[in-house]
Structures are given as C-alpha cells and as structure tokens.
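Database features, via Swiss-Prot:
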BINDING   165-172, 190-194, 212-215, 280-283, 320-322  GTP binding site
BINDING   Ser172, Thr192  Mg(2+) binding site
DOMAIN    1-158  domain 'Obg'
DOMAIN    159-339  domain 'OBG-type G'
Amino acid sequence: MFIDSVKITLASGDGGKGAVSFRREKHVPLGGPDGGDGGNGGDIIFVCDNNTHTLVNFKGKRELRAQNGAGGMGRNKNGKKGENLELIVPEGTQVIDVQTNEILLDLTKEGQRELFLKGGKGGLGNTHFKHATNQRPDYAQPGIKGESRLVRLELKLIADVGLVGFPNVGKSTLISVVSNAKPEIANYEFTTLTPKLGLVDVDEYNSFVMADIPGIIEGASGGKGLGLAFLKHIERTSFLLFVLDPMRQMPLKEQFIVLRKELEKFSNELFGRKFGIMISKSDSVRLGEEFAEQIALNINELDNYLKEINNPQSFLIKVSSLEKTGLKELKFMLLEEIKTLRNNKKILTI
C-alpha cells in the first residue's frame, strides 16, 4: 500500500520529577537531603532511510509519544532518561505544521537524522535546595513537560527523471524495460495508481533514478483524475521526460501543450524545468504507410512548435519499449542532462 500523507500528533517525553528524600542511617536521626534528580524525557528524532518507501507505518496512528523520564530517588540516585522515539521515514519526507503549513523538516538524504522535539528536563531533587537557613528542604522540582505538535507527514518522491504523460501512453512499459522497477502494465487507463521508482543502469559506472508518475489528464491541476494527488511527486524530480503517444487521437503537439499547461497551473517552477520528449510506441508505424506518414507529420509539427517557443534545451526521440529500439540512445541523452544538472547544482552550492 502506498501512503504518501498522514496527520499525527507527536510528543516528546516529560521530565521526571525530582525526589524529596533524606538520609536514613543508623545513628543519623536527622540526615540531610539526598533526593536525586528526575531523568530527562525522551526526544522525537526523525531518521531518513532509503529502505523505507512509504509512510504506511504511520497509518491509523493518532499520536506517538517518546518515553517520560523516571523520577529521582533517594541516596542521590537520578532517574533514568526516557527512551528516544526514532521515526523512520523514506527520503523525500517533509514534516509540516498542520496549523501554519510551515515546513519544519525536509528529509532528503539517506542516514539524515534530525532532532524534532526535545524531551522535557528532569526536575531537581531536594539536595539542590539545602542552604544555611534550610538544612532539610522538603520540596523538589517537578519535571518539565515535553513538547507536542500536530504535524502532517508528506512524502514527495526524489528522482532524477520524472515521466510525464497521459494515462496508458507507455510510461510503465518504459520504466520496466530500462530499470529494475516492475510496475503493473495493462492496456487501460490508470494502470499506474501509485508512483514507482526505478534505478536505470546506463553503463558500469553511471546510473540514475526514474519515477513513473500516474497519468495526468486535462484538468488534473484542478483535481480531476489521479493526477493532482501525484503532481507533487514530479516536483522532486530534476528533469522531466514527456512521454507522448502517436496512437492517441490527440495530435502530439496538442498532447504536449495540454500536459505543459497542467504543470504550469500546478507550479510555475515546474513549468520552467528542463525536459525532453519521447515519442512512444514507434513500432506502431508498421500499421501502414499512410499511418507512418501521419505520425511523421505529427512529429514534424511538434518539432516546429518547439522551435517556435524557443526551447533549444529539449530533445525529441522516438522509442519502442516493446522492440527495445531507441532505448540506449534515450538513456545516454538523459544521463547527459542529469550530469549537467548535477554539475550546475554543485557550482551553485560552492
């Protein structure tokens, strides 16, 4: 089950109370104070783990709390610290305040550990309150309460390449033949109901991650179809690959324009992202010479449109996932784009 958003209350542990205690030994009838301190409450810590892929472990849970600190004891024994609660989440998880929508944490790297809520401090035992005018203090501090916060955990997949296209255009077939992902494939719309990640090995030394996002339909940015719920996942991809289907009644140019408009409505930043275009099912030209000519005209119209909008950054390639033609060229094209983006990112962060 793919769970990508959960609402939950998180609370760190309360500090244990300090002890009120006095020495009780033979021949010492009025022993001084020996109350120990309370233990600190446990912390809430987020841990990013790429072996975890969804937020399903949080499903159905309304509240998670770290352990409270133990109370102090006599003979100056301090209470034990409460156990921390470590929450394991997949890469791409954001922790968002439900009331303000502020992003509190953004977990993007394997092994990343972030302290989220600090446990309450334990109270001081009565030993600390002995002074010249009060040799036998009969009070100690209570522990400080832990922190509590209502948050929403949201998972946005992190990938190098995000596949963008209408339902049933060949995205799942593509990712199944170029990567280790095994999505469900069938000849009907919305086969892909959840995002899928696949590792694409280009050669012995180079690879990248590709994301198959459920198909977008016109109006997805307004909530139609399955697209809106998963458009956010495309935000975490570095490069977009539009997958267009020559077998659809809608011309290739129109497919591209509609898809781009949906991205623009959802996010201006996403609209301006670098992209490539893949014409899928190139083996369909075998359906006849007339059909092949129509596809060629369609592609030419799209190519001219790309020149009109002055977008020299994009590439256009024909691929058949079934016959495995054009796949090698596509992988190397994508790798070059990703390398450029990675290098630019390094330059920006120096």
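Just so you know, glycine gets a Cβ as well, placed from its N, Cα and C.
Per-site Cβ counts within 10 Å over the binding-site residues Lys171, Lys281 peak at Lys171. Taken residue by residue with DSSP, Ser172 (Mg(2+) binding site) is part of a helix.
Within 10 Å of Ser172 (Mg(2+) binding site), judged by CA to CA distance, lie the following binding-site residues from the set Pro214, Lys281, Ser320: Pro214. When Cβ atoms from all protein chains are considered, those within 10 Å of Asn168 (GTP binding site) total 20, not counting its own. Most Cβ neighbours within 10 Å, among the binding-site residues Ser172, Ser320: Ser172 holds that distinction in the structure as shown. Under DSSP, Ser320 (GTP binding site) is assigned to a strand (E or B) in the three-state scheme. Counting every protein chain shown, the Cβ of Gly165 (GTP binding site) has 24 other Cβ atoms within 10 Å. Model confidence over the domain 'Obg' (1-158) stands at 93, taken as the mean pLDDT rounded to a whole number. Pro214 (GTP binding site) falls outside any helix or strand according to DSSP and counts as coil. For Pro214 (GTP binding site), the count of additional Cβ atoms within 10 Å of its Cβ stands at 24 [all protein chains shown].
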